[in-house]
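**Student:** I'd like to ask you about the structure that follows.
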Amino acid sequence: MRLNSQIVFCIVVVISCLSMIECKMGSRIYCSGSLSSVELFSQYISNYALRNDDVTIIYAGMSVDEINADVYIADCSAYDRAIPQIYMISYGLIQFPIVGQAIVIIYNVPGLSSHNMIIDRETLGRIWTGNIRKWNDIQIQNLNPDIASQLPNETITLGYNDAYYLSISEIMQLALRNFSEEFANAHTIAGGKFGNMIPAKQGYAIDAGEASESRIDWVKNTPFSLSFADFATVYPRNVSYMHMYNKAGKLVEPNITTVQSAMADFKEIYTTNDFTIDIFDASGENSWPISWVNYISMTSTFQQADCIRTKELLDFIAWFYMNNEIAEIIKEYQYYPLDNTIKKIAIDNMYNVTCNGKVSQEHQYLIAFGSPLSIMASWPNTWASSMTTVKYYASLSDQAIELQKTFSGDFGITIKDFDKNKYLSSTMEDIGVSHLAAFNIVPAYNIPEFIGLNETLVLNYETIVDIYLGLVTNWNDSSIRNSNNPYINSLLPNKTITVVVQKVESDVNELFTNFLSCKSDKFNNAIGPTNLPEFDFVSNNVVYTEDVYGVGNTLVSTDYSFAFWPEPGIRLLSHMAIVQAASIQTSTGTIIKPTNETLSKAVDNKINSINRRDIEDGSWPFIAMMSLVYHQKTMQSFSKASALADFIYWTQFDDTAASIADTQGYYVASIHPTILRENLELLQSFTFEDRTVSKVANCIFEGTICYNKGTCNNNVCLCNIDREGQFCELEKTQSDTNIVTIILAVVIPIAFIIVCIICILVVALIFSLRFRKGISDDWEIDFHELELGEQLGTGAFGEVHKGTWRGTEVAVKMISPDKTITKDIERNFKDEVRVMTTLRHPNVVLFMAASTKPPKMCIVMEFMALGSLHDLLKNELIPDIPFALKVKIAYQASKGMHFLHSSGITHRDLKSLNLLLDIKWNVKVSDFGLTKFKSDVKSINPEKFAGTIQWTAPEILSEDREVDYILSDVYSFGIIMWELITRDQPYFGMSPAAIAVSVIRDNYRPVISDQLRSEVAPEYIELLTSCWHFDPTIRPTFLEIMTRLSNLMGDSGMTGMSSSSSNSSKFDYNSFGKVQQFAINRTDPDGIVQNSYNRTDSYDLGSNNSHSSITSDTNKSNKYLRQTNIQHPTGEVVVVFTDIISAAQLWEFDASEMKNATILYNKLVRSICNECGGYESLISKERNSGEGSFCLIFSDVQNAITFCEELQKQLVGVNWSPKLLEHPITAIEKDINGTIIYAGLRVRIGLHFGSTKINYDPISRKYEYIGPTVTTAAAVTTITHGGQIIMTEDVANKLSTENSNKPVCLGRVDIDGIPDSLVLYEYVISALIGRFFGGVTRKNASFVSNETSTDYDDMDTDNSTFSARVPHQAYQYHAAIENNERYLTSAGLCSWVINYDEIKMGEQIGLGSYGVVYRGKWKNVDVAIKKFIKQKIDENHLLGIREEIAFLKKLHHPNIITMVGASLKKPNICIVTEYMAKGNLRDAMRTCTPKLEWHQKIKILVNIAKGISYLHSFDPPIIHRDIKPSNILIDENWNVKIADFGFARIKEENAIMTRCGTPCWTAPEIIRNDIYDEKVDVFSFGIVMWEVLTCKEPFIGANFMKITMDILEDVRPKIPQDCPEEFAKLMRKCWHAKSTKRPTMDDVIIVLAKFCPDISV
């Protein structure tokens, strides 16, 4: 079947504007290209959108002929083959290779036991020539002896295509010409066309289409067929393909190794900048014989109004060359990245593209190769240049230098001694060698008994050699003991030494074998200098690693191991020294330890050419010098040369670069005066076309910068006051000094008078301005300039709202403390805001403005669209966050914190809620500063601001006198790192007091399970645990954290990274292209969390503004399609609605059972949907997801029908609870034959077919389908019975005629809300044919309910024929649907569910443990509305809230607050209760005049006790856990009611969002985190008794920890002397330390009643 040429695959990315700036239309790039590249560009574009959302990139896949016709409007074109050079020159084109791919031979031979037949080149050529026609030909049998007997005597039917010469069809023909001379001759005679050859002429070869997909489908549907296709298209499909013998005679299969081998075979041609070659039939031993490279081409001379578009296109190309993560992603789709040297040459070609006569690409990409070093991961990442990116690839030092010969790298790094004379050839005569750093190479060991020791093991040369030669195999060997002191010897274990050997060519191998060869003739004779040594070890004495970075990781993970390794690699392995460097004992007995000092001495010896073998002056004997090798005069552009010069200078003279080097254990080379002089002279002579390139070149003189007597500014020396000359090399003469003195003597007095006058005028002006209207800073604004929108969050210091300021979306933090804001507090607030507005850093939230006048004090910040890191981690719509992205998040957060600390600001409240993410997933630190202001406000109301315990360092919890807040921030960061890898809430289930006690007393931290340790990089775990170490001095600084995370980002044991980029990270969010697909595959979610920081992008299908849409003719139906990566369907789709009927009645019947049933139903729907290839649309804002209704999208009608049928059948088999089945709506029903046709939830299903509009949610990375098609499907569902499937005529028409079950026409129906009547069909499931709907049943069917058989008259319903047309006599279908069922998600009809629009919100009257409390009205009744702080509640937890509200609604007691109902729609989830006019007991007692009488106090306490007793009377008891005066409410008649009970889960989660209160009322068993019962409420009541008695606050003046420890140590509030003894005795019993000694609340009521006999009990 030939692919219709009119069908075009379109991939479109529509990028939303940054939220903090005005919305702008970004550049639009349109490229057309081959169909084989659709998936490749889909991955490129969707992942690039996460990096750059200011550009829209469109890729249209089409035939080659259509590509050629499209070149006049396309910005670029993608072909499967290179355009010949002659056409490139003639048309002014430039092309870039993209990826390597494989063409495979696909076949369909039924009955074979093997999926991979074997073919050779000649046999394949003879098949296509027509000389081999049968599958059982002897040549094919000989190649496949295992299946020879299975090969059929059937003709091989060939599927070919004769597309344009830039297609894979042409590549296939050219490859066959190389494979077989027979084919080449026949092909020439046929005019170079498959279609003119014998197989086509004789009818057993047909044109199977240009696209690989078409040929694959043809092969699958054609027995005994054979064709060819690109492997990327074949790989995910179930089709057999052949392995081949290549040109070298080796059997190979298509994969990254064999294709990259083929590319490498032509590498020398590529390095000459010839990208027009084919790579099929490569000669390499491992090369796949039909390999190919696809290309992207464009004009080299753009002429257009806006050249930004050209730059954006080139940036996109550079990105997919440079970004490591996208390279890993495309490998999964069988696209194979180019060799790094080829990428470098291709990138250099970008600078040949011009726009309007100017070079389009100004950004410089420096591509470097060299030995894998941690410093070359950290330096490029830290060197932040907006115009330059450094990309560093690991290689051998010799390879890095060799690549300089062909300009295949911009520079190389070598750690071997560099012999410049060796390379002074015609190709490298201008070689420059700049020494950058030096480091120790050490004998490293991992002996657990030595961890934490201040002393190190000592080894001599002979012992080290004997270890490597297998002569010393035990750590307790006498040769080791002889070099160490008695203490060390006492610790030496009787354990086998495991030697770690790098079984791959490496510089370190060569260096240490050379070193030992110089020290020992025995080693030299046995092994000798080599970069791949071969040792003769017993198997249990060695561990091999083939990773160039693997020795370090192996050492740290292998106890009792040993190896030579660079010291920086050891430092970066772990915070605690698990792997340590041994000291060396020289031949004279001198012991030398590897330190900075011994490294410095060794460098000095090396520079002064001292033979270290003969000199023992305390220098470390084995070091390596890291040198940068480059072309001094012939780099390929001035810009590249200048960028490299800047980088070299930065590494040697920047403080940050030096700090990184020092942290990792490197010696910056320019510390040494000789190297300093050499490096500066190299920079001075570094030129391009005789122009100096360094920005300090003109300041360099005699190996100094400005003679060390001035500074270099803009390449000019600014001399000290006593120096002059071009380089400050001259001292100023005395005469000059005298003249200056005379001039100064005259000028200064005059200048002084003028300055005085100016100062007086300025002071007067300032005084005038202050007097009239005060000082106005640039950032000071009037509050009325802000337009406030939805509330985003609530904290201890106020609310955060989304808003608009001067047309820009912003976040506005309202400061709302008590009204006692003093002038000093106001001034402190203004002073601190002034400092914060000066801070600018990409990882710190931008402070934009502030209003500092009470009562409308606020801060205006940039709006962070994705909300907090905490929300992201809790968002189960994003079920998988790649570890690499987690590391990057941590790295960006640490950068922000390092900046703050460097600016003199400590955070003091660092937590995941205060790390915000913008729309591009960049992390920024927020809620810092205002330290003085917060302190002032806390002093006003200390109980309200007790802190966020989970992230608080122990020294702060214990209120140490001298706290280093920088290191306490590091502690908090450690908790955040734990959150990142677990996505859990720290200390979940523990009270704040329990957390504090456990952290301080027991050194308790969040649990890191063994499984987690095995899944997460040990370097990450080590860094995390060091951050939260109890001893602050052990904790790293944020600079060290940055460095260690930077190295971790590269997955290196020794150095942490194989390649790096200053602008492009290894994990540029790209794996989130998979998050969207995986999110819909979760069949067991806890639910769905949505973020109130929300943006929605919308697009129409079929338009050029589609977001990553791919339109194709791939709507092929499989009976039961199983997918692991489900793309969202586009184009015309089937919309399926499922809905639970009578859900409200079931929730009213038993909320607990209905919650569990709904969770089972949700899991079942999602599981079957995934198996059938469906996509779950985000639900509309009118209803929550998971409450009974689903909107599912299918691209194929048959898959949709399969889903419907499977769902209805499997619902009957669910293990529903017996309690649920008691209800008539969910009871079991059987047909007359005893077959169960109903059980449990009744679900109705409606279907419609058509186009939709799609909204994209960037937070969940999912799509919402809307529009008339969706509305119609929903409307059809509302008139459908439970258990019934109804579809529109559009669906019925698309249903395959081969389907065994035919839909039954119900006629034309009018549906409310749908303008036109619809012809509807019912789909009848044969297994459930006995179901009865609306008085009509199918032929020969009836049902039995409640085990009793009831006969029904047979009805004539002819299902034998099917027609999608309306019958001639159309009749009206009247569905007998009750009014309350004409509503989807009927769970919303519960009596206690309130429409939020019916609530009128009033003033805020309080802030509870899980919500902000407002006064309001509902249906003209005064109510209190508690709006949940946490609105991002996942699906299952929201069902739990629904269950709890249903239960609480049934509670009725005069001393329990009455639950009116709840609104359950985000973002307005709230509960509504009766309104209590006098507020809470605490406030009432404070404001009560006159003071309460004894009788009143007893009455209040009795009523409180009655309320608690009522809660405890349930089985199991309802435990309040938070009894205190602020949760006891009073009405105008002093009636007491208990509030704030229930919702334990929500309270727990909100404990991290609001600052916890003091633990005055908390029972000791809760603080100890012990098991507790309802007696904890009795304890709290005892404290309340004391408060009511004294009208005072308990533990007044004590801090959080003091109160906590007092409670644990049985210290209680002091009882007044005039307190009645019986009352005091009851209090003591209530607050007894042992819960078993406390009375019940019923006992309490009886005792209290004795004090006032007139009170009824």
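Backbone N, Cα and C atoms are what each Cβ position is placed from, and that goes for glycine too.
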**Student:** Between N596, N1081, N1094, N1340, which does Swiss-Prot record as N-linked glycosylation site?
**Tutor:** N596
**Student:** Quick one: which of N238, N1233, N1346, N1359 has N-linked glycosylation site in Swiss-Prot?
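**Tutor:** My reading of Swiss-Prot gives N238.
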**Student:** Where does the N-linked glycosylation site label fall among N476, N1104, N1115, going by Swiss-Prot?
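**Tutor:** Going through N476, N1104, N1115 one by one, Swiss-Prot annotates N476 as N-linked glycosylation site.
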**Student:** If you check Swiss-Prot, which of N178, N1215 turns up marked as N-linked glycosylation site?
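**Tutor:** Of the listed residues, Swiss-Prot records N-linked glycosylation site for N178.
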**Student:** Can you dig through Swiss-Prot and tell me which residue of N454, N1063 is labelled N-linked glycosylation site?
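**Tutor:** Looking at Swiss-Prot, the N-linked glycosylation site feature maps to N454.
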**Student:** What is the average pLDDT across the domain 'Guanylate cyclase' (1134-1277)?
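**Tutor:** Residues in the domain 'Guanylate cyclase' (1134-1277) carry a mean pLDDT of 88 in this prediction.
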**Student:** Between the Cα atoms of L792 (ATP binding site) and D909 (active site, proton acceptor), what distance do you get, rounded to the nearest Å?
**Tutor:** 19
**Student:** Hey, what's the Cβ neighbour count for N454 (N-linked glycosylation site) at 10 Å?
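**Tutor:** Within a 10 Å radius of the Cβ of N454 (N-linked glycosylation site) lie 4 other Cβ atoms.
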**Student:** Excluding near sequence neighbours, so keeping only residues 6 or more apart in the same chain, what lies with its CB under 8 A of N476 (N-linked glycosylation site)?
**Tutor:** L492, P493, N494, K495
**Student:** Specify the count of other C-beta atoms within 10 Å of the C-beta of N153 (N-linked glycosylation site).
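**Tutor:** So the Cβ neighbour count for N153 (N-linked glycosylation site) comes to 8.
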**Student:** Based on DSSP, tally up the residues of the domain 'Guanylate cyclase' (1134-1277) by helix, strand and coil.
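**Tutor:** Per-class counts: 62 helix, 39 strand, 43 coil.
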**Student:** Rank the glycosylation sites N178, N494, N596 by how many other Cβ atoms lie within 10 Å of each Cβ and give me the one with the fewest.
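**Tutor:** Least crowded of the glycosylation sites N178, N494, N596, by Cβ count within 10 Å, is N494.
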**Student:** Here's one to test understanding: among the recorded positions N255, N352, N454, L1407, V1413, whose C-alpha is closest in space to the C-alpha of D909 (active site, proton acceptor)?
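**Tutor:** Going through N255, N352, N454, L1407, V1413 one by one, the Cα closest to that of D909 (active site, proton acceptor) is L1407.
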**Student:** Measuring Cα to Cα, tell me the gap between K813 (ATP binding site) and N454 (N-linked glycosylation site) in whole angstrom.
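**Tutor:** Distance between the two Cα atoms comes out at 51 Å.
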**Student:** Quick one: of the recorded positions N153, N178, N352, N596, D1522, which has its CA closest to the CA of V1413 (ATP binding site)?
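**Tutor:** Ranked by Cα distance from V1413 (ATP binding site), first place goes to D1522.
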**Student:** Output, ordered by sequence, the same-chain residues six or more apart from N255 (N-linked glycosylation site) with a CB under 8 Å from its CB, or 'none'.
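**Tutor:** Correct list: A102, W288.
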**Student:** What whole-number Å value do you get for the CA-CA distance of L1407 (ATP binding site) and N178 (N-linked glycosylation site)?
**Tutor:** 80
**Student:** Across all chains shown, how many C-beta atoms besides its own are within 10 angstroms of the C-beta of D909 (active site, proton acceptor)?
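**Tutor:** Counting Cβ neighbours of D909 (active site, proton acceptor) within 10 Å gives 23.
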**Student:** Would you mind reading off the Cα separation of N153 (N-linked glycosylation site) from N454 (N-linked glycosylation site), to the nearest angstrom?
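**Tutor:** That comes out at 79 Å between the alpha carbons.
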**Student:** In angstrom units, rounded to an integer, how far apart are the Cα atoms of N238 (N-linked glycosylation site) and N178 (N-linked glycosylation site)?
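**Tutor:** Rounded to a whole number, the Cα-Cα distance is 29 Å.
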**Student:** Would you count the other C-beta atoms found within 10 angstroms of the C-beta of D1522 (active site, proton acceptor) for me?
**Tutor:** 21
